[in-house]
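> Got a structure here, written out as structure tokens. Questions coming.
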Amino acid sequence: LQENGQQHRFHPHMTLSHFESIDDAMLAQTQIESWWTKKTFWVKEVYVLERNGDEGQFQRIATIPLLGTQDEKDDGNSDATATTSSMIQIHDPPLKFPAMPDTEEAWVYEERMKLKERRNKGGGRRRGRGRGGGRTRSWSKERKVDTPEEKRAVRKAKREALEMKQREEQQQQQQQQNE
């Protein structure tokens with residue numbers, strides 16, 4: 001992608017949530033894993049989105065159907081399908097989502113700017129970039145890769161700490177109610 005004369009790499013992604021720190025994200029993962037049950041759902045199509053500017057609304061520039069023809073390699077015993085390039089729809093001009101406002105409400109904009117500020121840590125240069133623009137990772141050689149068992153143990157300890165904190169808060173609330 002090229003924007004304002006600068007070259008940018010595009011990283012396809014899906015944002016599910018934002019957390020203040022990796023510890024908060026890991027704690028949320030532990031909490032979710034405690035109640036999550038497997039979900040099954042069908043996805044009929046995927047949209048490729050674009051947004052003009054930071055405050056622009058997302059618009060569909062392409063629709064990629066996922067319910068295509070049966071794959072030749074498939075043995076016929078599954079629901080596997082293939083999508084061919086002729087089935088992909090390019091939208092020119094891009095399509096707006098129905099009922100999506102053209103501009104954000106003030107509170108949405110303010111919350112998004114707060115999130116952006118936290119993410120960019122004050123708007124300065126991104127962490128991990130040296131003068132040449134490349135990534136510098138001083139920890140990369142010393143960093144210890146945790147085994148799955150170690151990760152589970154850390155998650156378990158965090159979960160137990162959270163549960164203990166919740167029990168203490170409940171006890172405090174009960175004491176306050178009894179007083």
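Positions of Cβ are set from backbone N, Cα and C atoms, glycine also.
Nobody curates TrEMBL annotations by hand; they come from automatic prediction.
From TrEMBL, here are the annotated features:
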COMPBIAS  78-88  compositional bias 'Polar residues'
COMPBIAS  115-134  compositional bias 'Basic residues'
COMPBIAS  139-152  compositional bias 'Basic and acidic residues'
COMPBIAS  159-170  compositional bias 'Basic and acidic residues'
REGION    69-99  region 'Disordered'
REGION    114-179  region 'Disordered'
> Given a Cβ distance threshold of under 8 angstroms, which distant residues of the chain, six or more beyond its ends, lie next to the compositional bias 'Basic and acidic residues' (159-170)?
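Residues 27, 30-31, 34 contact the compositional bias 'Basic and acidic residues' (159-170) from elsewhere in the chain.
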> For a three-state summary based on DSSP, what are the helix, strand and coil counts in the compositional bias 'Basic and acidic residues' (159-170)?
12 helix, 0 strand, 0 coil
